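If you look up TrEMBL, you'll see A:ASP185 marked as active site, proton acceptor. Annotated ATP binding site per TrEMBL: A:ILE64, A:GLY65, A:GLU66, A:GLY67, A:THR68, A:TYR69, A:ALA70, A:ILE71, A:VAL72, A:LYS88, A:LYS89, in sequence order. Annotation source TrEMBL lists domain 'Protein kinase' at A:58-351.
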Amino acid sequence: MALSPAIPSPHTSNTNSVTAKVKTLNMGGGAAPQNTTSTAGQGQELAEQLNDETKKKYVKDKKIGEGTYAIVYLGHLRADPKSKVAIKKIKVNAEYREGLSLDAIREVKFLQELSHPNIPALYSVFSSKNQNLNLVLEYLPLGDLEQLIRDVDGVRYGSADVKAWMGMLGRAVWFCHENFVLHRDIKPNNLLIAADGEVKLADFGLARSFSDPYRVMTHQVITRWYRPPELLFGARYYSGAVDVWSMGTVFAELIIRTPFLAGNSDVHQLELICQFVGTPNDDNWPGVSKLPDYVPFGKDGSQSYPVRGRDFYLQTFSTVGPVGVDLLMSMLSLDPRKRATAREILNHKWWATDPAPTKKEDLPKKGGGGEARMAEDLKRRAGELEDGRGAKVARILDFSGMK
Amino acid sequence: MSKATARGGVPRRPGDEDDICPVCKSSRYLNPNMRFLVNPECYHKMCESCVDRIFSQGPAPCPVAGCNRTLRKQRFRKQTFEDIQVEREVDIRKRVAKVFNRRQDEFETLDDYNDYLEEVETLTFNLLNGVDVSATESKLTEYATQNASIISRNATLEHQESANLEARQAAEREEARLRREAARKEEEDEKKAREEGRKEVLEQLVHGNKPAADVVKESKRVELLKRRRAQQSRALPALPSGTPSANSNPFTFKGLKSTAAPTPEKPYDPFGGLTDERSYYTLQDYYEHPWLDRARTDTHITAGGYTVTEYCARAMFEAFSGLGVFVGEEVAGRGDLPGGNGAGDAVAAAEAAARAEKGVS
């Protein structure tokens, strides 16, 4: 810990004192800008000053939720008491004692780059005492899509609403991919609803930018129910197609109002995919057997299912009509290379067919509980579902259940 | 006051003490039908006969000493409020409100509307208390001439709204009356039917030879059927009767926004108005580079969906991404963000935090 000679510290000998510690810490970067000496009266560094300024700009009103990963506050701008923001205070937890949690870094990195109506805005970042990282996010009061899907008795929606929601999700994913970002955790409870009904794709805790050739990526991403088969087979080189599969499962879930492929283990998930989408083999997915964790399904006596035809989808997802079913099928293609891209999805003719998507102001909403819900969604760790809705996502593949 | 009570014979009424015309000094005792009038020009009170006497021949100066305003007979009217100050204030407020009739939905924010109201109130206050009257008056007339069309539009809107409200209230009253009537009739019918049924049962019990229990049972069944039929017949005509109140006047919405003709619906744009066009290059389908060949052909890589195309797109994008960026414009655009914070601040803070984190270890 080098102390900058530019700032005289009265506590050089006693680094345990709080003030000295703060100063010392901020010198961690090494080069202290010389021009800060003009304000050296307070002994503050430029970055610290900026941070203080930002911090003073916002007022935390009340805590609206706390989880293992973060505490969420409702806050507002000091200058404008009517403004509302969500302040997500990332906890310095035991797991990441060495620095910032990876989720927080990813979230800051991507949210500040992506500015789109369907992606929540990150207004500011500041650190508060104890070096807690605070993200100032757009306040999204109306809960998430999962709430609407699950509230079968309280909320009714039709294919026009599904189209509007999928359209907004599609835009968000397309925008991410267009900016070379893989979201890798698309699911209904990451789709938060703004006050005006706009759906926003939140939680970039698992996001990463597109990989360079020959650079491996982890396959332990995306909540299991929405995880594509190539990740379940341990693919280390993948593309935006993984997000498209998640979109497809979300689309299916929106229609049938229950998770389409709700596996309770990774193996079970693959079994469900085999059963409802089709059993992957080298014919319908050339090269699948070369994937690291490939397990041949449909051999050794267990049943092999052919890839489901249009009839099955028409039967199960009849409400969106034949054109919508075509779109869904293109998203749920086993072979990621044959899967539609986000751009192809938005160019699909389903958007132009009747019924037109509902306007965002007229979309069904759930009354009440939004505040608490946003807190729930924010404080959750990426890639996790809350208790009571399936077990926690295993981050390690476990094939011990296989014969 | 003592003078007023001293007038014998005539019982004293509230306000009696003022019942002397300040102009001709005749009192209610002499003229029991005396009415007082005021002119909003100066609000000096005088009796009807004085008004007739002085102003019948055309405009004349006010007879009250020291008040030299020219008054016209036409504008004399009966006083509404006992306090002449209140009368005057109401008149002025009415006049101002007629000109400044902007509505809240014409303003972007509530704050703007409140500012406007405050401005109007200041103007009214000036007129009321004689502060800068000539300047204020000229401001008022200027505003009135400049915004004549808006003022008249808002006036008609207001008129329409009040008419609509009345119509709606009338319709609601009518509906309530019909409902009450229907309920009353229904009750009567039911009573009559019950009476008849009972009579029938008695008749059968007297003349018939069926066992009594069967008769009673049968009658109950019949009655139930009747009632059901009655309900059905009632339900059918009830349907159209419910709708006219909504259909008769299509403009019975309260708080209708005064928008111009609704803009035609734009076709749905799945991309939300954005394009993915790159202005400095066109992306080729294939870029030749030996380094990429294995990533293109190795099934271990491609089977998972990895495509070199995405990599190429990104490489091209990054190669050109500095072009066409004008820092000045971007900085100017930052003002739109809530908190006026650009990404720059966020970066700085994040870096500070990250550095601080490193320091902890």
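The backbone N, Cα and C atoms fix where each Cβ goes, and this holds for glycine too.
Keep in mind that this is a model prediction, so the values were computed, not measured.
Of the candidate binding-site residues, A:ILE64, A:GLU66, A:ALA70, A:VAL72, A:LYS89, the one lying closest to A:ASP185 (active site, proton acceptor) when CA atoms are compared is A:ALA70.
Within 10 Å of the C-beta atom of A:ILE64 (ATP binding site) sit 22 other C-beta atoms, taking all shown protein chains into account. Fewest Cβ neighbours within 10 Å among the binding-site residues A:ALA70, A:VAL72: this applies to A:VAL72.
On the 0 to 100 pLDDT scale, the domain 'Protein kinase' (A:58-351) averages 88 in this prediction.
For the recorded positions A:GLU66, A:ASP185, the largest tally of other C-beta atoms within 10 A is found at A:ASP185. DSSP assigns A:ASP185 (active site, proton acceptor) to coil in the three-state reduction, outside any helix or strand. A:LYS89 (ATP binding site) has a Cβ environment of 20 other Cβ atoms inside 10 Å. Look at A:LYS89 (ATP binding site): DSSP puts it in a strand. When secondary structure is read from DSSP and collapsed to three states, A:ALA70 (ATP binding site) falls in the strand class.
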